[in-house]
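Heads up, the thing below is written out as structure tokens.
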Amino acid sequence: MDLPRRWLFRMLLLVATSSGILLMLYSSAGQQSPETQVPARNMAYPRAFFDPKPPNSENRKSRLCQHSLSLAIQKDRRFRSLFDLSTPVLLWEGLFTQELWNNLSQHKVPYGWQGLSHEVIASTLRLLKSPESGELFGAPRKLPLSCIRCAVVGNGGILNGSRQGQKIDAHDYVFRLNGAITEGFERDVGTKTSFYGFTVNTMKNSLISYAKLGFTSVPQGQNLRYIFIPSSIRDYLMLRSAILGVPVPEGPDKGDRPHTYFGPETSASKFKLLHPDFISYLTERFLKSKLINTRFGDMYMPSTGALMLLTALHTCDQVSAYGFITNNYQKYSDHYFEREKKPLIFYANHDLSLEASLWRDLHNAGILWLYQR
């Protein structure tokens, strides 16, 4: 082969070899090694504080969870010993056994069924017969690489003027509770509601107390789900009547028509019920207040907001908390929708100081993101 042809052949060979190397590098860059792949909640990248951004509707469910709270829990010595993400969050018929009845009959509500009618409990749970009733997001998750981002919106005055509405609505799911007024406050708190958490007592008290401020009905919507917190027999009776589409037959709410609160849809999939054992677990491990050992012990339970936020922390991959108590709570009104500033009052049935400390510590550990000003 003469010199020019030999030189040309070597140049072509060099180009082909270089192209192959580049192609291999490009291909490997688009793949993660087994050690860095993220299968849902349990294995993910370390949590970092994040500023929620609107998700891309086309690939939202296929994105990797790059800041999963589960790994942040694993990396924190204190919270690693407190969290048990395998704890059942919701109660449904499939979990209702004689053993469960015997156990929970030894504990007062909201931690059990002491003194409650077996027939009321059993007839309520029989209506929650689908496994879907035990899943907060409906059917069991089929996409292990999806990343569920949740916002839990409390009613704290810190949200007034916050302009967080768009960021709140950008989450996959939005939890609200009690007097969840959005009309007129869309810029600050958003409009999206995926879950509404309450006890019958807090729901009805909110409708009475905040009616003049704009809370004339609880959130309603086709894709909205209601999370009952079983603080008394009233919650079981209201839940049963809501699914059956009949008036409440007895108790303080006798004659109430649930559709006036929740709308005409009566499918069992519309309603969720927190497991009393889950509430016990949350109280024992995260919110074991000194109030329990005082004369107010029988009154004490975690606040509705605390239960919703901890529910999200046990079901979502990322959690942002808005409108929850912070160290500078005295700067703000009790609620964001109040026309005049009113101080936050600490009642004996909740330990808001303990809750504030917990939210701060979870934020500092990177397990949740707490909105602060």
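Glycine too: its Cβ is placed from the backbone N, Cα and C atoms.
Disulfide annotation in Swiss-Prot: C65 is bonded to C147, selected among C147, C150. Swiss-Prot names N155, N178, H335 as CMP-N-acetyl-beta-neuraminate ligands; from the candidate set S117, S123, S130, S303, the record adds S303 to that same site. Here the candidates are the binding-site residues N178, S303, H335. The one whose C-alpha lies nearest to that of N160 (N-linked glycosylation site) is H335. Here the CA atom of C147 (disulfide bond) lies 27 Å from the CA atom of N178 (CMP-N-acetyl-beta-neuraminate binding site).
Close to C150 (disulfide bond) in the fold, though at least 6 residues off in sequence, lie H171, D172, Y173, V174, F175, A312, T315, C316, Q318, V319, S320, each with a CB less than 8 Å from its CB. N103 (N-linked glycosylation site) carries a helical DSSP state (H, G or I). On its own chain, S303 (CMP-N-acetyl-beta-neuraminate binding site) has H350, L352, E355 as residues at least 6 apart in sequence with a Cβ closer than 8 Å to its own Cβ. The C-beta environment of N155 (CMP-N-acetyl-beta-neuraminate binding site), restricted to residues of the same chain at least 6 apart in sequence and closer than 8 Å, consists of L177, N178, G179, A180, I181, G305, G323, H335, Y336, F337.
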